[in-house]
Amino acid sequence: MSNIYIQEPPTNGKVLLKTTAGDIDIELWSKEAPKACRNFIQLCLEAYYDNTIFHRVVPGFIVQGGDPTGTGTGGESIYGAPFKDEFHSRLRFNRRGLVAMANAGPHDNGSQFFFTLGRADELNNKHTIFGKVTGDTVYNMLRLTEVDIDDEERPRNPHRIKSCEVLFNPFDDITPREIKKPKNEKPEEEVKKLKPKGTKNFSLLSFGEEAEEEEEEVNRVSQSMKGRSKSSHDLLKDDPHLSSVPAVESEKDDATGDLEDDGEDDSAERDEYMEDDEKNLMRERIAKRLKKDASASVKSAGDGEKKPASRSEELRKEARQLKRELLAAKQKKETAIKVEEGREEEEAAPDGAVAEYRREKQKYEALRKQQPKKGTSREDQTLALLSQFKSKLTQAITETPENSVPEAEVEDDEGWMSHVLQFEDKTRKVKDASMQDSDTFEIYDPRNPVNKRRREESKKLLREKKERR
């Protein structure tokens with residue numbers, strides 16, 4: 001990332017966007033893109049972007065906003081007409097967090113802008129880059145993408161800009177205009193479509209079919225009774241407490257017109273009151289019916305669970321029985337094979353070595369058969385053998401040399417206990433320097449006074465010999 005910061009020019013200008021996803025700091029390149037920065041700053045000062053939505057979200061690509069109509073086709077620049085593109089060699093779409101002008105073609109810039117969510121080389125030399133998102137506010141910018149999007153890249157619950165604040169204005173000559181922001185031309189019906197209505201999925205319920213039938217019946221009755229008075233006889237046909245005979249017979253047509261008018265008003269109020277009562281009563285009946293169906297379905301489900309459980313228990317019993325039978329058959333086969341092998345060994349005429357091996361084998365097999373089975377008795381036997389072995393070791397250690405067992409010539413089970421380890425004595429003996437020995441080493445030092453004296457004497461003798469000659 002360091003090479004990006006080195007390549008990008010320094011910024012001059014800063015704006016703070018307060019959105020529903022959090023604050024977003026934008027630093028501007030007012031020297032590289034003066035027209036786009038002047039347009040953006042003046043629109044922020046004029047509160048042009050207040051309460052506008054981010055109408056387009058493309059995950060991993062861009063988040064677009066700045067249209068007061070919210071349709072993606074509105075928005076005007078401060079110049080009264082679209083202004084030209086401003087490209088710079090040091091500004092490229094090579095990372096996220098860049099702010100650029102949105103347009104429909106070359107030199108068609110208005111008020112709409114977008115944030116980049118990643119590298120977008122295909123936008124180079126097509127859109128004017130005029131700012132960048134700085135600091136930790138880039139994470140608030142990424143939160144703008146955390147919305148549900150339809151097939152047309154429009155968010156169903158879009159984030160919006162609450163207000164704008166210019167922190168540093170590089171253009172001192174900007175004077176905000178008094179303009180009226182265009183109203184949202186989107187019809188109310190289209191706005192309502194953005195929030196889809198929830199549908200009742202009766203298939204998720206165990207009693208879904210009955211609930212769906214009850215719902216259809218309620219809808220059908222409400223449609224048929226719409227616009228006219230309703231009676232409890234129309235809905236509760238199977239209630240024995242209700243009588244089909246009216247409690248008070250209606251007056252005949254010879255009543256006066258004033259009385260008829262008064263009766264109509266009273267009947268209208270009474271119909272409204274009865275309509276509310278009937279709705280509440282119908283809801284209670286449906287709730288009771290659903291509870292009964294739910295309890296019945298739970299019972300049936302419980303019975304159904306018991307049956308498979310009993311079936312699975314039977315299968316487990318059969319598996320255990322089959323396993324026991326297979327194990328018994330295997331043991332029977334092994335015993336038969338052993339008996340057959342014993343017969344063959346007895347029938348064969350073995351030599352001496354084989355006969356000795358068989359005797360040893362029979363001996364150890366007999367000992368193995370004498371051992372008790374696993375349990376407390378086996379444990380007691382093991383402890384007894386261990387204590388016997390300890391006593392043997394103690395006896396071998398405490399024996400005196402007079403009573404020691406002589407070393408056996410032939411190895412047996414107890415011969416190793418009477419064996420004594422003896423090691424070679426490798427201690428160094430002190431040698432006398434005056435004694436000549438085969439291991440004596442001569443040490444000659446020419447600096448030794450004795451050696452010097454010997455050399456002088458030898459030289460003197462050599463000179464005397466030469467003189468004699």
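Counting starts with 1 at the first residue shown.
Cβ atoms are placed via backbone N, Cα and C, with glycine included.
Fair warning: this is a prediction, and the values are worked out from it, not measured in the lab.
These features come from Swiss-Prot:
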{"type": "MOD_RES", "residues": "Ser2", "note": "N-acetylserine"}
{"type": "DOMAIN", "residues": "11-166", "note": "domain 'PPIase cyclophilin-type'"}
{"type": "COMPBIAS", "residues": "175-193", "note": "compositional bias 'Basic and acidic residues'"}
{"type": "REGION", "residues": "175-415", "note": "region 'Disordered'"}
{"type": "COILED", "residues": "206-229", "note": "coiled coil"}
{"type": "COMPBIAS", "residues": "231-241", "note": "compositional bias 'Basic and acidic residues'"}
{"type": "COMPBIAS", "residues": "256-278", "note": "compositional bias 'Acidic residues'"}
{"type": "COMPBIAS", "residues": "302-341", "note": "compositional bias 'Basic and acidic residues'"}
{"type": "COILED", "residues": "309-371", "note": "coiled coil"}
{"type": "COMPBIAS", "residues": "356-368", "note": "compositional bias 'Basic and acidic residues'"}
{"type": "COMPBIAS", "residues": "384-403", "note": "compositional bias 'Polar residues'"}
{"type": "REGION", "residues": "428-469", "note": "region 'Disordered'"}
{"type": "COMPBIAS", "residues": "454-469", "note": "compositional bias 'Basic and acidic residues'"}
In the compositional bias 'Basic and acidic residues' (302-341), how many residues does DSSP assign to helix, to strand and to coil?
40 helix, 0 strand, 0 coil
Would you mind splitting the compositional bias 'Basic and acidic residues' (356-368) into helix, strand and coil residue counts from DSSP?
13 helix, 0 strand, 0 coil
Residues in the compositional bias 'Basic and acidic residues' (454-469) grouped by DSSP into helix, strand and remaining coil
15 helix, 0 strand, 1 coil
Please work out the mean pLDDT for the residues of the coiled coil (206-229).
66
